[in-house]
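One structure is given below, encoded as structure tokens.
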Amino acid sequence: MYTTGLIGKNINYSESPEIHNNYYKKNNIPFFYKIFNLNQDQIDYFIKNLHKNNIKGFNVTIPYKETILQYLNDIVYPADKIGAVNTVVVQEDKLIGYNTDYIGFIKSLQYYNIQVKNFKCLIIGSGGSAKCIYYALKELNAGDICIVSRNPEKARLKFEKKVKILNIKDENKLDRYDLIVNCTPIGGPNFREQKPVKLKEVKKNCVVYDLNYTPKRSKLLKEAKENGAFIINGEKMLIFQAYSAIGLWCLNGIKGGR
């Protein structure tokens, strides 16, 4: 039996163990998935003991999607371009990083039959998830993409120079966007009573996507729905990225072994 899991901080709310373990059981895959709640100073120890603990692969979530890069031997496209990794394959002599969030986000839009070509898009946040969504939207030929951040100067170091980056306090014309994506933990399980922005008005047929999936309807999504937007939470993205990660681990674990 191989171990897989999720590393992050304050992540006991995660639905990933249920998704993965149900899939493993249904498909007779000899894996088990668990939560690894780690402080940053515990990551070194976790990495050094991967083989000892029979860990074949793991997912990475907030706040370590960029931190994990320093531990990897190879980073596979598009994770190398994004600069953030959420899935790691553990081989005998190296760690390989992938970004299955990228795939999960694109597949979730396809699931809801949303075509973002030429959409004017707003990304809330500037961390690893935001970078992933930015490159996914570019891949899908979205139109103008604007990023709002609490720290725009720091955010500008992470994105292409041509990207429009604003202070989150300065962007109040949200009715100009066709798609708004919240890539912050605000509104999620650890910040349920907060919203990253106020949606007093949204464009007709605007899509508001909150990558948080707990609660099912964040305060942001509730407000968006009240204003006539089509709303999506991060559940489908979570499921699709999980299946992509499982595929990578199975290819490595069952066929490759170690």
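Every residue, even glycine, has its Cβ placed from backbone N, Cα and C.
In the record from Swiss-Prot, residues S14, E15, S16, T61, N86, Y213 bind shikimate; the candidate from D41, D44, D74, D101 listed for the same site is D101.
Annotated NADP(+)-binding residues in Swiss-Prot are G125, S126, G127, G128, S129, L211, and among G187, G188, G234 the one listed with them is G234. Taking the Cα atom of each, N86 (shikimate binding site) and K65 (active site, proton acceptor) are about 6 angstrom apart. Under a cutoff of 8 A between CB atoms, and with a sequence separation of 6+ in the same chain, the neighbours of L211 (NADP(+) binding site) are S129, I133, V181, N182, C183, N233, G234, M237. Fewest Cβ neighbours within 10 Å among the binding-site residues G125, G127, G128, G234: that distinction goes to G127.
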